[in-house]
């Protein structure tokens, strides 16, 4: 029928495009994988908290001297002129944390090759949010410490890191049923945070470089890469190559934990065609991650925390002095205010710019709660504090007080916010776990089954 004058012809009017949703639920395979990672990190987080508490109590007990004597005990040698006569605290920071960063490297590569970060549309939000969560706390720290002078701003990167083990331990304590999309967002944020942290450590906290040692480190790294590309799993071969890479990287002046990330990057995520292709099963990266994550979360990080978290507070007067220092204040404000505000505002702005909608199951208060969890910076923050001001220095002690206080405050505020929303989270969780046909895949993922 021909429309009369004044009437619009609606027959050929295109339907309005549906707005894209951000922080929506991912695939079942990715959700299940992330749930498994977070379960392991929860146990690691509990061990981390215990190790930190023991260090704090010991460092402020009548036996404090024995704690610091143990931390500063030198073990090692200097074969072939290599500087490997290190204190236990340094072995923990440079050596054990290399295992942690090896797992980070494996996780990063998997995310970029087969995880959420392989899709530019899905990767843009957490990557931008992580950058925002790095820039804002760094600016706050610099603004607070700049008037002090004397290199106080050197620790600008301290409040920029997220400790995923600590964060998921908080979630376990408050017993919240965080939706899968928020868990994925938190883990992806932490993964990108770790990538940024490694970059910052390598670029900004390397004073002098021994180019010969750095060049030589490429040899065992390349041999390691050759072996894993050929799917060689023999630890009697891979371990010496990994250790040699670490030793030469340490000797070069670049922080040795960078070696862990580079080794992780060389491991293939997907099976080659010769090995049966991607459908033949998990790649070597997943195999290594499965073996190494318990060692990283249950041993490497807690031992580092034990040696890094011990600070002699000196009673009420000492605590007051530490809390009034600009370095401590800059860290606390960076973690509690800068980190969540940076993540939240970046997420909000990017959502508005791309004309997307927040997923129907979520509210912006949920995003802010997760952003507060990202303000729990512990392991990497303490490591950067050691690099910025020197292990055992007065400023390093202020760093420890700031990181511990800021992380605790961020955790408490996040716990309150997320706990208030827990009834809604539980309803979402029941929907996400309902499996009426008992085939092992929840009903909401049936259309995405892969």
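Each Cβ is built from the backbone N, Cα and C atoms, and glycine gets one as well.
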Which listed span Swiss-Prot calls transmembrane segment, if the choices are 8-28, 155-175: 155-175
Dominant neighbour of the transmembrane segment (299-319) in 185-205, 234-254, 364-384, by Cβ pairs under 8 Å: 364-384
Stretch with greatest number of CB pairs under 8 Å, the transmembrane segment (398-418) reference, 155-175, 208-228, 234-254 candidates: 155-175
Top Cβ-contact partner of the transmembrane segment (43-63) among 208-228, 234-254, 326-346, 364-384 (pairs under 8 Å): 364-384
In contact by Cβ distance (the transmembrane segment (185-205), the transmembrane segment (124-144); 3 or more pairs under 8 Å): yes
Whether the transmembrane segment (326-346) meets the transmembrane segment (364-384): three or more C-beta pairs under 8 angstroms: yes
Remote residues contacting the transmembrane segment (364-384) - C-beta distance under 8 A, at least 6 residues beyond either end: 23, 48, 52, 93, 97, 100, 129, 133, 155, 157-163, 165-167, 170-171, 178-179, 182, 185-186, 189-190, 193-194, 197, 200-201, 205, 257, 301, 304-305, 308-309, 331, 335-336, 339-341, 343-344, 347-348, 358, 399-400, 403, 406-407, 410-411, 413-414, 417-418, 421
